[in-house]
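Participant: Below is one structure. I have some questions about it.
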Amino acid sequence: MRIIYLISTVLLIYTNATVLRTKESIQNKVTYDKYGFQPLCISCTGLISVASFFLKFDVSEPVILEFATIVCKLFAKQPWAVCDGISSQFRDEFFYVFRRLANESPSQICGIILPDCADPTDPSESGWMVALPPKPKRTRISKKKVQKKPNMSMSQNLNVLQLTDLHVDFEYKYPSEANCDDPVCCRVSVSEPKKAAGYWGSVGKCDIPFWTVENMLSHINKTHMIDMVIMTGDYINHVDWEYSIEEHLSVLRKLHRLVQNTFPSTPIYWALGNHEGVPVNSFAPHSVDERFWPTWLYKEFQTMSGPWLSEGAKDSLLKRGSYSTQVMDGLKLITLNTGFCEVTNFFLYLNQSDPDSSMSWFVKELFESEKKGEQVYVLAHIPPGDSECLEGWAFNYYRVIQRFSSTIAAQFFGHDHLDYFTVFYEDMHNVSSKPISVGYASPSVTTFEYQNPAYRIYEIDPYNKFKIVDFTTYYADLEKATEDKKPVWEKLYSARQAHGMDDLSPLSWNKVIQKLFTSEKKREKFYQYAFRNFSPQCDSTCQMQLMCNLRMGHHNSTLYCPTF
């Protein structure tokens, strides 16, 4: 055995997928100092060399883990409980993966994880390409054939509710400290907190209490007519150093029961988020040992979405965490497991090439819909252009969107907790080319970190290729809520009104981007929407990243970013 858990320390310090949640990936962290060196690459190879020395002298795994915990404590500046918990969580996974990379040199291993440190060798096959079929003769579906299912309302347009990134914390305490030194606060009761946690939640390093989610769903049920609910992942809190399968199942079942009871006759579709993994971000493909397979999780999601899925869809969910289902005549919904693009899903570094054939399956489902003249909604958690998504997966996803842009009516994402959208182009390397599709990243329910809770409702025209006519985002200002005064859920904005749009076509969204890039006033309003009327410390780097997201469908370069 020539490789180590120590590399995990580099990842814990430099990626956003862990408790540190820096909002920047290791892919964007490789920089040069004034002498032309790459400190992160040097640190990576240095740690692996140290580990090789340890292992050469048969140092035991527990000792290596303890050393990794110490390094985590010193460099990541996290409490012992956090570093020790992460070490325990990832122990088996790390040793399993890195033992199988034993024949690779330190520079090759660092090149796998940090692309800008890349060695010419690519043992993980990150440059894989999914096969795309030629375009067939298109058959048009008649408007007369489009009929709502009995469980849908008979209104002209349909209302689709999106809830994402709930991150419910069943250990939320009131009163408690909201400004603590731990990665997640509002969990420890204190008599005199420096900053007291609010009863309904606290905007900051805190997740949302269960009773606030109950309040939100009750409000939605009383206020809106909902025809379909889409859940785009991350239902578990951010205390990922304490994750367990038993606790995950308990949270998922409580949340499923609440949502199901709120909308007993409404179709509800659930997607997996990276925080559903145990350890966090861990989604083992079937190419690794069976003991790592997240079968327990896939089975639970079978139960959660069960009433609305066919047996074939359930089988697909159990195989890859993804499924497709016929929502109504002329409309298919495809739910993708983006755990297979997660940059800290370490199993992928053994082989990134189409884990569990998910991308090939995605293409097959789209091709079938294309031949039938159907429209498709894509439901997933991590947007492909997010820094937490591997470029190999993002690049192939973008290619699929290009090929099937006339079939894909909309893409729905979560993950970033912020409110934004991404335009996809006919040429992924040229933002002056034709806009062909839009991905919607919906705002989170959780307040982690530093935004008010929100939900979104899309207005859909079922008689015009299931196009999104408009959407409205609602939020609650938790600073105005008290123990005796419930949150007020109110309209934040509607897309067409806020951005002065004639429609929500890719071309119209591209025009919105152009306006945002040239108008500081419009950008300020956009930032306000992104954080739901909360004033965070969003500096110039933060603001630039939000603008880059608008055209960042993958990670090719910074050409997507504005130059203001």
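Glycine residues also receive a Cβ, built from the backbone N, Cα and C atoms like all the rest.
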Participant: For which of Asn351, Asn533 does Swiss-Prot record the feature N-linked glycosylation site?
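Facilitator: That would be Asn351, per the N-linked glycosylation site annotation in Swiss-Prot.
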Participant: Would you identify which residue of Asp227, Asp234, Asp315, Asp461 Swiss-Prot lists as part of the Zn(2+) 2 site it also attributes to Asn274, His381, His415?
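Facilitator: Site partner of Asn274, His381, His415 for Zn(2+) 2, according to Swiss-Prot: Asp234.
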Participant: Please pick, from His417, His429, His499, the residue that Swiss-Prot records in the Zn(2+) 1 site together with Asp165, His167, Asp234.
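Facilitator: That Zn(2+) 1 site, as Swiss-Prot gives it, pairs Asp165, His167, Asp234 with His417.
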Participant: Mind checking which of Cys44, Cys83 has the disulfide with Cys72 in Swiss-Prot?
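Facilitator: Its disulfide partner, as Swiss-Prot records it, is Cys83.
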Participant: Between the binding-site residues His167, His381, His415, His417, whose Cβ has more other Cβ atoms within 10 Å than any of the rest?
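Facilitator: Answer returned by the neighbour count: His381.
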Participant: For the domain 'Saposin B-type' (37-121), would you mind checking the mean pLDDT of the predicted model?
Facilitator: 75
Participant: Determine which residues of the same chain, besides Asp165, His167, Asp234, His417, have their CB within 8 A of the center of the CB atoms at the recorded Zn(2+) 1 site, and list them by sequence.
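Facilitator: Close Cβ neighbours, site residues excluded: Thr164, Leu166, Gly233, Gly273, His275, Gly414, His415, Ser444, Val445, Thr446, Phe448.
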Participant: Per DSSP, Cys389 (disulfide bond) is which: helix, strand or coil?
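Facilitator: Its secondary structure by DSSP: strand.
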Participant: Determine which residues of the same chain, besides Asp234, Asn274, His381, His415, have their CB within 8 A of the center of the CB atoms at the recorded Zn(2+) 2 site, and list them by sequence.
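Facilitator: Along the chain, the qualifying residues are Thr164, Asp165, Thr232, Gly233, Leu272, Gly273, His275, Thr338, Ile382, Gly414.
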Participant: Compared by Cα position, which of the recorded positions Cys180, Cys186, Asp234, Cys542 is the closest one to Asn430 (N-linked glycosylation site)?
Facilitator: Cys542
